[in-house]
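What TrEMBL says about this protein:
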type	residues	note
ACT_SITE	Asp15	active site
ACT_SITE	Asn63	active site, proton acceptor
BINDING	Asp15, Glu195	Mg(2+) binding site
BINDING	16-20, Arg28, His32, 60-62, Trp64, Arg66, Arg176, 182-184	substrate binding site
Amino acid sequence: MNEIKIPSHIAIIMDGNGRWAKERGLNRTAGHEEGASTVRKITTYCANIGVKYLTLYAFSTENWERPKLEVEFLMKLLEKYLKKELEVYIKNNIKFKAIGDLSRFSKSLQKTISDTEKKTSVCTGLTQVLALNYGSKNEIIRAIKKLNELNLEVTEENLESCLDTAGMNDVDVLIRTSGEVRLSNYLLWQNAYAEMFFTKTYWPDFSETELNEILSEFSKRERRFGGI
Ligand code: FPP
């Protein structure tokens, strides 16, 4: 059997919460609650196998278009999750980081996010990155503005240093659940050489076993980064 290569950076588009709930005759919010449990399960697993960064698409710049009640529910769920999760982060040596334009969130959620970042800043294992009010085009525009403000030359290195993901390596493995095959404005720069995996499984049903299957397939792929 081939040895499993552990990627340094896994990024996931967590899709299918709504359909998972609908199939069970439940409200969409039940899908998001179950999705939050999967976030905990997959994060802990990635921390245990030695992944360095796990970047999860939790709320996009386009998700504000959803019904008001669903948006409100997601905001409350996030805040509840982060507060409850602190213990799990510390116990598993997980650092927490948020990317995206956080200024649109309530003061209370912004405070919970920055408190969680501060309190986990001493952790040295996996960094769980939540993409919140995140859109890649928005991130790149903000980075270019920052570059201009700092009067920096336009180079790949300088632009990268102004992205929300500054200091992180690019994505090695990109996973999207629920059968959709698109990037949806997610980490367009950072996915330049990512190996991509699309599964029909809805996010609430995504498991450690399926992640292992993906990692096994990843280990067999030859990455040439444009070379031969
Ligand atoms: C996509 O499913 C999921 C989201 C837009 C939000 C992701 C949120 C979670 C996984 C739960 C909360 C996260 C944390 C970190 C606590 P969808 O609603 O688009 O599903 P559908 O396409 O089947 O309707």
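Just so you know, the numbers here start at 1 and follow the chain as drawn.
Even glycines carry a Cβ here, placed using N, Cα and C.
Fair warning: this is a prediction, and the values are worked out from it, not measured in the lab.
Proximity of the recorded positions (Asp15, His32, Thr61, Trp64, Arg176) to ligand 1: a Cβ under 6 Å from the molecule is found for Asp15, His32.
Just so you know, of the recorded positions Thr61, Asn63, the Cβ with the fewest other Cβ atoms around it within 10 Å is the one at Asn63. Taking only the Cα positions, the spacing between Arg176 (substrate binding site) and Asp15 (active site) is 7 angstrom.
Neighbour counts of Cβ atoms within 10 Å were taken for the binding-site residues Gly16, Gly18; the minimum is at Gly18. His32 (substrate binding site) carries a helical DSSP state (H, G or I). Calculated from their C-alpha atoms, the gap between Leu183 (substrate binding site) and the residue listed as 'active site, proton acceptor' amounts to 15 Å. Here the candidates are the recorded positions Gly16, His32, Thr61, Asn63, Trp64, and by Cα distance the one nearest Glu195 (Mg(2+) binding site) turns out to be Gly16.
Among the listed binding-site residues, namely Trp20, Trp64, the Cβ with the most fellow Cβ atoms inside 10 Å is that of Trp20.
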